[in-house]
Amino acid sequence: ATRAAAMVKETIRVYARVKPLGRRQQAGIYSVDDDEKPLSSLEIIVPRDLADGFINNKRESYKFKFQKIFDQEAKQDVVFDSIAKPVAECVLAGYNGTIFAYGQTGSGKTFTITGGAERYSDRGIIPRTLSYIFDQLQKDNSKVYTTHVSYLEIYNECGYDLLDPRHEASRLEDLPKVTIMEDPDQNIHLKNLSLQQATNEEEALNLLFLGDTNRMIAETPMNQASTRSHCIFTIHISSKEPGSATIRHSKLHLVDLAGSERVAKTGVGGHLLTEAKYINLSLHYLEQVIIALAEKNRSHIPYRNSMMTSVLRDSLGGNCMTTMIATLSIDKRNIDESISTCRFAQRVALIKNEAVLNEEIDPRLMIVQLQKEIQELKDELELVTGKQRTSELSQEELLQLDELIETFLKDNDPDSTLDVGADMRKIKYCFIHVKQLMNHSKISDKKLSQHISDEKDANKEAGEEELKKLKELLQQRDNEINILVNMLKKEKKKAQDALLQLNAASAGSKVLEQSLPVNFEESQNPSSCFSLKEAKDFSSSVHRLPFISRQTGGKMSLGCQEAFEVFKQEHADSITIEDNKQLLKQRFAEAKCLGEKLNEVRNKINHLKGEITQRHIQRAALAVSSPSEELNTLDPVEEKLRKQIEEEKKSYKTMFNRLKGLKVEIEHLQLLMEKVKMKLQKDFEVWWSEEAINLQQEKSEMISSPNTTTVYPQFIKSSQHLSTN
């Protein structure tokens, strides 16, 4: 029941106010019907234009419903009593409230909200609300009230603090910029917006006047002093009953929106055109929010699109009692805008707000109350037990409890109990201590089991890895042996063919057939590249293979190296390598010889230079001792020495160029040899892999047909022996 009383559910209240006509304006046709209760209705008539012809389907009559309609003669005090006074009463009771005016430029928004400056009776809603609130606060002595005021201006989507005490701004840009921040609960906070305390009506009105002087005002053809920004004047009230820990917070937003009109109609350009665009954009976003709120089953409301909708989030469909005043200027020129404003108002009237009583506990008072209650309970406990209690157990008591717990845990009797008396501190300590012991034993058991399982896994993995490596090595050795066996078979066949050719004339075919296991040491084939001695070496290396050390990183195994040597001898490029080696050797010897000659020539040149210097010294000494004309003539000895130096230099240059050429030739030969070696290596790798594949195929054929294993059974046996191992 209290929750229901603390929450008020209602739609936004919408009022209309018609502005009196100016001297040059032509009146539009409209009628106000106050007879329909509880709502009033406004009908606007748009006569058909003769220029469009008599037959057209344009609508003539537009009817709109409002909470109340204030006609041209309505006074400011009547408007305040009907619109703002109920909202101000709710704010004093602890609810949030908002009043905002909406309409085109020159329709009387600022006049309604702020008021006119000429007469005292023209005061608007803001000054009248301030007067009413402070009057009520003075009358109510049952509570302690504190009041603060803030004044925010939103101009071109930037917020400015109009009440900042540190700035005496000549321009709006000099004022501190206000930014929006959102907490995890999606509550909006305005950074850099100052809250000024106002203890009485006079202080509050002075702050209002200070803010109004900083507002952005510019002339447009629609209005000579049109406000070009949205302004939000907020009154924050906190109330508390003496001795109570409950505080009530409430705030009242009084919003004066910038004029809504078509840019074409304002007749502005440049700076004012930019303003008009921003004004229309923010009002468009406001309308989007209102349309989204009016639609049912709409999950997302675009509050974040503009600064104004973010600030007014609570006022639109939130925790607030909101009222809207639609200001209308119903003359013939502005009839379309008036209808548009009325349509906007009808959409706003569909939005439902839930205003909640804003109460919270004062934490400082709550702490004092709780401390007092704790002390009373301690005194009561001391009276019952006869012992003074402290919040912590003494060291002696803790040791006694540890001994009791230890004896209780060691006791095997199932009926044994742990008696620590009716002291909650001791009982809690015992529970915590037992829990710690249990956790410690669990952790140690878990660690031990984990350690054992880790060791097992590690050993298992190491064993599997070792087995895998051995299998791979065995397979590799098996392949090498089989390739070498095939090579031996080929060489044996070559040797047999050679023997047949040599002994065909002298010996009979029977002798050849009987000597099937050929004695390699007795017969030699000089034309064969692969000698019989090497064949013997290969056969011995095949038997050695199981005992070859494990693979060395990146190098060929022993069997592979032997096969490579044979392959190299039979390869066509081996002759090229040998030729290049010989040529390189010659070039190196030539270069060495040239180097020695160059050194000799260099020494000779230096020696000749020394002789010339010596000659100069002798002639200089002679000139000093006996000056004569002959000394000025050229020295034939020096001339001869210089000619010798020139000749030596020429020969030095020739030899040096030759040495340079030799160096280039040597480098080229070395590069050629490297390339040939790399090609040889690659060819061998290709041949080796092909042999391995062929061998696998032959092996599978041999398994299927056992009659093929007749030649060299000892090699097959050794390979099978390795495989089984």
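A Cβ is built for glycine as well, from the same backbone N, Cα and C atoms used for every other residue.
Feature list (source: TrEMBL):
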type	residues	note
BINDING	Gly103, Gln104, Thr105, Gly106, Ser107, Gly108, Lys109, Thr110	ATP binding site
COILED	453-505	coiled coil
DOMAIN	11-351	domain 'Kinesin motor'
Nonlocal residues around Gly108 (ATP binding site), in sequence order (Cβ under 8 Å, 6 or more apart): Arg17, Lys19, Thr327, Ser329
Residue among binding-site residues Gly103, Gly106 with least C-beta crowding, 10 angstrom cut-off: Gly106
Cβ neighbours of Ser107 (ATP binding site) where a neighbour is any other Cβ within 10 Å: 28
Neighbour tally for Lys109 (ATP binding site), based on other Cβ positions within 10 Å of its Cβ: 28
